[in-house]
Amino acid sequence: MNPSPLLDLIDSPQDLRRLDKKQLPRLAGELRAFLLESVGQTGGHFASNLGAVELTIALHYVYDTPEDKLVWDVGHQSYPHKILTGRKNQMHTMRQYGGLAGFPKRSESEYDAFGVGHSSTSIGAALGMAVADKQLGNNRRSVAIIGDGAMTAGQAFEALNCAGDMDVDLLVVLNDNEMSISPNVGALPKYLASNVVRDMHGLLSTVKAQTGKVLDKIPGAMEFAQKVEHKIKTLAEEAEHAKQSLSLFENFGFRYTGPVDGHNVENLVDVLKDLRSRKGPQLLHVITKKGNGYKLAENDPVKYHAVAKLPKEGAAQMPSEKEPKPVAKPTYTQVFGKWLCDRAAADERLIAITPAMREGSGLVEFEQRFPDRYFDVGIAEQHAVTFAGGLACEGMKPVVAIYSTFLQRAYDQLVHDIALQNLPVLFAVDRAGIVGADGPTHAGLYDLSFLRCIPNMIVAAPSDENECRLLLSTCYQADAPAAVRYPRGTGTGAPVSDGMETVEIGKGIIRREGGKTAFIAFGSMVAPALAVAGKLNATVADMRFVKPIDEELIVRLARSHDRIVTLEENAEQGGAGGAVLEVLAKHGICKPVLLLGVADTVTGHGDPKKLLDDLGLSAEAVERRVRAWLSDRDAAN
C-alpha cells in the first residue's frame with residue numbers, strides 16, 4: 001500500500017476538516033492512490049470513483065456531515081465518501097458477502113443519508129429532507145450529487161420542477177463527466193457539452209501553452225496574464241449564465257453556478273462555502289473527468305466503469321486482451337446478443353432499444369451492424385417502453401433489452417402503453433434472479449410476480465442457453481407483448497442452435513420421470529431441480545412459461561404424484577409457485593405443495609452461490625429443505 005500520511009489521519013469528516021485547505025490536493029492524491037489499491041484488489045466500480053475524489057473531499061470539508069445530508073445519485077461514485085466516513089479499513093470487503101455494500105446504504109452508516117443503486121433519485125430525496133428540516137425548524141443543508149447521465153431521466157426533472165418552486169435550502173451538484181456507464185445520449189448532454197465556458201477554457205489553455213514560455217521571460221508579465229485570464233473566465237461565466245443557464249436551470253427556479261473545475265479541490269471548497277451560505281435552491285455545475293488520474297480509465301471510461309481486479313503491482317494495468325483465454329460457456333447476455341443480430345439480419349422490422357445499458361445488455365455488436373435500428377434512449381426506462389409501443393403500432397418489431405430491476409421503473413408503461421393495447425413488444429429481461437455483488441437494488445426477484453398479473457402478457461423463463469434462444473424466437477413471433485427473463489452469467493453449457501426454431505407457447509416439458517414427488521421448476525431453478533431429483537427419485541418439469549402456464553401438465557403431475565415442489569428464483573409472493581397453486585385450486589386438487597422461492601426479505605450482496613444457499617435455493621439447500629419437508633410429512637402421517 002502506498003504511504004498516505006494525511007489519509008491515515010482521517011477516520012471521519014471531522015478529522016478531514018482539521019486539515020488546512022492547502023493540504024487537500026495532496027489528500028486527493030493519496031485517496032486516489034488508495035482507491036487504485038483497494039479496487040484493484042476487490043474489484044468494483046472504478047472510473048466514476050476516480051472522477052469524484054476532489055468533489056467528495058470538498059463536500060465533506062464544507063458541509064457538516066452527517067448533520068448536513070449528502071445524497072448520492074446511483075452510488076457508483078460513493079467509494080471516496082465511504083473512505084472518508086470511517087470505512088477505510090473495511091474497503092477490502094467491498095461488495096463481498098458480509099462486507100461493505102457497493103452503494104450507499106442507510107443501515108451501514110449514518111453518513112449514508114439515502115439508500116441508492118438506481119439512478120435519478122437524489123434530487124427528490126434531498127428535496128424531501130430539505131422540506132422536513134424546514135418543517136422541523138432544523139438548520140441543516142441537503143445536497144444532491146447527480147451525474148449528467150442520471151440527469152437525462154424524467155424523475156430528475158420532475159424533482160427539479162418541484163424544488164424550484166419551493167423556498168427550501170437545497171443544493172444540486174451536477175457532476176458533468178459526459179458519461180453514464182456508456183457515453184451519454186440525447187439533447188441535454190449536447191446542451192451541456194456546448195457550454196461557452198468550456199470553449200473559453202480550451203481557448204485559454206491553448207493561449208497559455210503558446211505564450212507561457214515568452215511571458216516567463218518578461219518580469220511581471222505572467223502575473224498580469226493570470227489576472228487577465230481570471231477576468232476573462234469571470235466574464236465568460238457571466239455571459240454563459242445569461243445566455244444558457246438562465247434558459248434552463250434558472251428557469252426551473254435554481255440559481256446556477258458554474259461550470260467549475262471538479263478537480264480543483266481548493267476552488268471547490270471556496271465555491272461550496274459560498275453556496276452553503278445562500279438561501280433557496282442552488283445548482284452547481286461541476287466538470288469532472290471519469291477515470292481521472294488513471295490514464296487507462298481516462299482513455300476508456302466504459303471499459304473501466306467497473307472492473308473485476310487489477311494487477312497487484314501498483315494496479316498498473318488491466319490484463320491484456322491478447323492473452324489466450326480458455327474457451328468459456330457463453331453468458332445468457334451473449335446468447336441474447338447473438339440471437340438479436342441473427343434475427344435482425346432476417347427481419348428488417350426489428351428495432352433494438354436499451355435504456356443506457358448497451359454493454360451490459362449485449363448490444364455492442366448490434367449497434368455496430370445495425371446502427372439505424374439501434375436506439376439508446378438514455379436512463380429513461382419509462383420512455384423506452386412507450387417508445388417501443390409507438391414503434392409496434394406502426395408495424396415494427398421492437399425488442400427492449402433491459403435489466404429486471406430497471407423494468408420495475410416502467411411498470412405503468414408496461415400496463416398502460418403496451419399490455420392494455422396488446423402491442424407486440426418483446427422484453428429481453430436480463431439479470432433475473434440473484435445478481436451477486438451489486439446487492440438488493442439490482443436483484444431481479446420480482447419480475448415474475450409483477451409481470452404475470454398483467455393482461456395479454458406472455459412470460460417465459462428459459463432453463464439453459466439453447467432454451468433461451470428458443471423462447472426468444474417464440475416470443476418474438478407472438479402477436480402479443482412478451483417477456484423472456486434470464487439470469488446473469490453463464491448457463492449450463494447446453495449447445496446452442498443457430499436456427500430460429502420455436503416452441504408452443506404455454507407448454508412445458510418433462511425433463512425427468514420419477515416417483516411420488518414432482519418438481520415443477522421455472523427457469524434457472526430447473527438445473528438444481530435436476531441435480532436433486534436423482535437423489536430423491538423425483539419427476540422434474542421444465543415449465544418454460546409462467547404465463548400462460550401449462551395447466552394440463554400441472555394437473556397431470558398433481559394427479560400422478562403425491563407431493564409437489566415448485567422452484568423459482570423469484571419472490572414467493574405472487575410468483576410462479578402461486579400460479580401453480582391457482583391451477584390446483586381451480587381444478588379442485590388438494591395435494592401437499594412446498595413453495596421454494598425467495599422469502600419476504602431483502603437479500604444481501606456478495607457471491608451469488610452463497611446468497612442462493614442462504615435463500616435455500618442452491619442444489620444443496622433444495623435437497624435439505626425437501627428432505628426435511630418430506631420427513632415432517634411422513635412424521636405427521
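Placed from the backbone N, Cα and C atoms, the Cβ positions cover glycine too.
According to Swiss-Prot, the protein carries these features:
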type    : residues                                                              : note
BINDING : His76, Gly117, His118, Ser119, Gly149, Ala150, Asn177, Tyr294, Glu381 : thiamine diphosphate binding site
BINDING : Asp148, Asn177                                                        : Mg(2+) binding site
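Other Cβ atoms within 10 Å of the Cβ of His76 (thiamine diphosphate binding site), summed over all protein chains shown, number 28. On a Cα basis, Asp148 (Mg(2+) binding site) lies 7 Å away from Asn177 (thiamine diphosphate binding site). Counting every protein chain shown, the Cβ of Asp148 (Mg(2+) binding site) has 23 other Cβ atoms within 10 Å. Cβ packing within 10 Å was compared across the binding-site residues Gly149, Asn177, and the lowest neighbour count falls to Asn177. Between the CA atoms of Asp148 (Mg(2+) binding site) and His76 (thiamine diphosphate binding site) there is a gap of 13 Å.
Put simply, the two farthest-apart Cα atoms among His76, Gly117, His118, Ser119, Gly149, Ala150, Asn177, Tyr294, Glu381, the recorded binders of thiamine diphosphate, are 32 Å from each other.
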